Every structure is written in structure tokens, then in C-alpha cells.
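Database features, via Swiss-Prot:
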type	residues	note
BINDING	GLY30, ALA31, ASN32, GLY33, SER34, GLY35, LYS36, THR37	ATP binding site
Amino acid sequence: MSLTRLLIRDFRNIETADLALSPGFNFLVGANGSGKTSVLEAIYTLGHGRAFRSLQIGRVIRHEQEAFVLHGRLQGEERETAIGLTKDKQGDSKVRIDGTDGHKVAELAHLMPMQLITPEGFTLLNGGPKYRRAFLDWGCFHNEPGFFTAWSNLKRLLKQRNAALRQVTRYEQLRPWDKELIPLAEQISTWRAEYSGGIAADMADTCKQFLPEFSLTFSFQRGWEKETEYAEVLERNFERDRQLTYTAHGPHKADLRIRADGAPVEDTLSRGQLKLLMCALRLAQGEFLTRESGRRCLYLIDDFASELDDERRGLLASRLKATQSQVFVSAISAEHVIDMSDENSKMFTVEKGKITD
């Protein structure tokens, strides 16, 4: 699906905006602080229920307003879908799909698979394992219908188990939680392993095009020892977990380790190379989704020119065009994106929260 229309009200510094969008490239050009990133963030929030620059809702709602309102119109091959999200200062959300309330944010996420590329996105590579788990879980969410429910239940059970660890004295007292936890943990780990194995060739091929000077490898670590049953790990580590008051092993400790020429990428690659690798991984993930499901990602790229020379920008642009996906790009100057423009693209100028085309 592509987002053909976007309505924004009281989001960041944007009082109101009504944008007719291209199904191809959409460029947002303006000075720093003009509001161009806020447009990207509004789109992201419409598909995730939260912003990507701040988790504090008060910073996202426009000054002295009580709530933000976002509406979008999605065009698929066979039908159009109207979506909406309202969120107030108390954090209460209302999700509307095709005129009916009571929907979940996860439904919006399913309707709008998107990839976000920002200057802060290096955390995928040099941040903690949780960022790479999120990368894997995005793929599992869009490929496995039961993943979100299983993942939500896993989080709930781990929270309950960790609370119980502060009170129990014998492992047998934990068995009611572990009886439910173990099959969920194994299922989620299986899905992650299958996804990482399935996308490995796509990641390797795309990374080879972007970074031919390096040999990159990807290995999934499930969060506990290989060839060992999770039930055995939990029972064996009970005393240690009780001392720590949290569960030290499991799918919540999984990682996707990425190495360049045998060394961690964060120790080997420059900032420009890390950005290329991040872009390559996001592209590979979107292309894998399209091949597996026929659905296309929506790409959000903030500050397109940063860290990339002309050749690398051209390579990224050509790969994005080849996906036939909808792309939103912010830039300080139109000169940075003019080579990407064609007869189907749209150029928006953003100034002090006002958007014109």
C-alpha cells in the first residue's frame, strides 16, 4: 500500500497540514528546525503509535494543545483504507480504521510496513542487542501472523517471572510460569532463526553492493546455549537468576551479530560505512518482505545527504527506485535530492511548520 493523503493536526510544530502524496518519491526540503523531520515522524507515528525522536507524548503534541490528530489514506491494489490516530497528553490513544474505532496500533503497523533511516539509526549496529532484536522482530511480525501475540505474552510472563524471583526460594515455585514461558520462548526463537536464515542471502548481496571492500557475516544468537533445552537452562540457572532478580537467559537476550572481516562492525567501519551498512540492511529487509509477501515497504529517510558522498547517494537512490516503494526523503537543500526526482515525484517545501508543494 502507498500513503496517498496525510492530514496532520497539532503534531510537533505543525498546526495543520493536508498533503496529497506521490506513490513514488516525496521530498521534504527545508532548513533545520523547519518541520521536515516532523512530517516523517508524523508518518512513522501513524504506523507505530509513537514518535521516533521522543517517547514523551508532551513533546510531540503542539505547544498548549491537548492532543494530536493524524489521518491517512492508504491505496492498495484492490482497495483504499482510511486510518487515523489520536493521542492526548495522558497518553491515551484512539485508533480508527475505515471509520470504526477500537482498533489496535498493531493493526496500523501491519497495514503500513515501514523502514526508518535516520542519523540516529546507527544504534542498529553500535547499540545494544535490543536494537538488532527489534530488526529481527520487525521481520517476524510481518511474516508470522502469530508472532505479535506470542511476543506480547512472552514479555508479560518474563515480567511476572522476574517479580516471582524476588519471593520464591525453590525452583518448583517457578514452574507455573516456566510451563507457559518455555514453549513461547522456543517458538519465538525458531521464528527468529528462520527469519535470519531466510534473509541472510539478501543482506549479504545488498551489503556486497554497498560495501564491496568488506566481507560481512551475520549470525543469530538465540539467547541461551546451543543444543540445550531452554527448560534445562532455566532450572540450572535458578539460583543465579534469584540473586540477580531477573531471568538471565532467553529470547529477550537474543542478538544478531554482524561482523566485517571477522571483527565487530562498530570497531571496523567508519561512520559513512556504518550508514551504508544500515541502509543496506533496511533495503534488504524491505525487499525480502516484498518477495515473500508481495507487500512493499514505505521508506522514511531523514537527512538524506549526511555521511554519504555523491556516488553512495546515487547508489542508494537507484536501489530505492528499483523497489518501486513509496519513499519520503528530507533534505536541507533541493540540490541534494534533485537527481532522484522524476515526473512522478513530489517536492514539498517546509518552513516554520508550514508545508507547500
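Sequential numbering from 1, following the chain as shown.
Cβ atoms here come from the backbone N, Cα and C positions, even for glycine.
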Self-check item: For GLY30 (ATP binding site), nearby residues of its own chain (Cβ under 8 Å, 6 or more apart in sequence)
Solution: LYS36, SER330, ILE332, THR349, VAL350, GLU351
Quiz prompt | Other CB atoms, at most 10 A from the CB of GLY35 (ATP binding site) | solution = 24
Practice problem: Using Cβ-Cβ distances, find the residues under 8 Å from ALA31 (ATP binding site) that belong to the same chain and are at least 6 apart in sequence, listing them in sequence order. | Solution: ILE332, GLU351
Practice problem: Starting from the Cβ centroid of GLY30, ALA31, ASN32, GLY33, SER34, GLY35, LYS36, THR37, the recorded ATP site, name every other residue in that chain with its Cβ within 8 Å, sequence order please. | Solution: SER38, SER330, ILE332, VAL350, GLU351
Quiz item: Near ASN32 (ATP binding site), which residues of its chain come within a Cβ-Cβ distance under 8 Å, counting only those 6 or more away in sequence?
Solution: ILE332
